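**Student:** Below is the structure I would like to discuss, written out as structure tokens.
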Amino acid sequence: MLRLAAELLLLLGLLLLTLHITVLRGSPDSSSNSSHSLIQNEPSSDSFSFNPSDRQEYLDEATRRAFPKHRLMTSGHTSLQRDGTGSFLLDLPNFPDLSKVDINGQNPNIQVTIEVVDGPDSEPENEMQKENMPSWPVPSPDWRSWWQRSATLPRMNYGDQDYKYDSTTEDSNFLNPLGGRNRQVPSHRTFDTKEQPEYDYVDGEGDWSSWSVCSVTCGSGNQKRTRTCGYACTATESRTCDMPNCPGIEDTFRTAATEVSLLAGNEDFNATKLFGVDTDSCERWMNCKSEFLKKYMHKVANDLPSCPCSYPTEVAYSTAEIYDRIKRKDFRWKDASGPKEKLEIYKPTARYCIRSMLSLESTTLAAQHCCFDDSMQLITRGKGAGTPNLISVEFSAELHYKVDILPWIMCKGDWSRYNEVRPPNNGQKCTENPSEDDYLKQFQEAREF
């Protein structure tokens, strides 16, 4: 039985070999293809012959050369090697064994290329570049700049660049301590010069925008400008702006100044008569209670805002509006913690002070003066408490000195007597500060001095 099967296979092989030779002889390209023929090595191309051993070598050579490796097509299947347009060869000895093929597995010999073309006029070079480009998006320059800024942002120095306190004097506040406190203070910059201030920002940030329009059309207001400082970050800088005096305010101030001149009892304001050097000038000042002074003090009490219970940090940067819940309107305030107001002399226990600003609605030239301790709490009594100024330094520094500062000097720094005439404001009923024990101690020291 096995012998019969072997003979059948042998006959089948001979049949296929005969068919193979017949196809080779009948191919029109066999004579022109040197890789599939051995005729090129013969001296003559008209005829050829070979013995049985040569015949076997010829068949082996033809089998090896007539079937190159299968080419891979983009359509996903393998094509058979063709010798011509009308014939094909079936390479049974090299035909792969399909009995153990996994139909569900992926074919590693299949390559698929997906190409996206924008238009019919796209050039081949562009198509090749698209095939070789990575699939992830390329970061934009803005994103790269933000990354560089974010990486270096913790190293930025904000001490000399943000929120410049606008002042033409060497004033200071809680962001800019006094020089006597052994702290290194950055130099102030004024906005009166045309030269732009220098900043220590890292490269890559946007330019400063132009200054905004002044917040008021007359009087004193503020301006702002911004710049980008990274992702979802905007730096803001502000400064004060002084516009022309509002219409009618000159008449208001002139009338008030005339009334202030009556504080001495005559129309010619004479501070020498009011604060004459005698045995007890403080007592004389305390007993000066004219009818006009009473009316003026009543106007001051009704016109001025109440002191806030804690230091409003927004005034440290520039003039700020703060809502007064008792008067039910906004008042403008300015920091008054610097040497210009002589804080360390007249209010020795105060750390910060603020002063209200004049407005067109003001019926007097007075200003509210409030002082705070190291914890930013309002000082309601004692030698560090702020007292109302009958003449605001904003209107006249000279008159302010004569009306508000000289009485303190005449009383030789006895705040207990001074505060009897100019009581500190606590209209918002803030917690009494300092404590009762500290207050009594300060009071006793003032009497003994």
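For all residues, glycine too, the Cβ spot is worked out from N, Cα and C.
Owing to the predicted nature of the structure, the values given are computational and were not obtained by experimental measurement.
Sharing the feature lines straight out of Swiss-Prot:
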SIGNAL    1-26  signal peptide
COMPBIAS  27-53  compositional bias 'Low complexity'
CARBOHYD  N33  N-linked glycosylation site
DOMAIN    203-247  domain 'TSP type-1'
DISULFID  C214-C241  disulfide bond
DISULFID  C218-C246  disulfide bond
DISULFID  C229-C233  disulfide bond
CARBOHYD  N270  N-linked glycosylation site
DOMAIN    274-437  domain 'AMOP'
**Student:** Averaged over the domain 'AMOP' (274-437), what pLDDT does the predicted model reach?
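**Tutor:** Mean pLDDT across the domain 'AMOP' (274-437) comes out at 87.
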**Student:** Going by Cα-Cα distance, pick out whichever of the disulfide-bonded residues C229, C233, C241 is nearest to C218 (disulfide bond).
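**Tutor:** Closest by Cα: C241.
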**Student:** Can you grab the distance from C233 (disulfide bond) over to C214 (disulfide bond)? Cα atoms, rounded to a whole Å.
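**Tutor:** About 24 Å separates the two Cα atoms.
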**Student:** Within the domain 'TSP type-1' (203-247), how many residues are helix, strand or coil going by DSSP?
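**Tutor:** Going by DSSP assignments, the domain 'TSP type-1' (203-247) contains 0 helix, 18 strand, 27 coil.
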**Student:** Among all protein chains shown, how many Cβ atoms are found within 10 Å of the Cβ of C233 (disulfide bond), not counting that one?
**Tutor:** 13
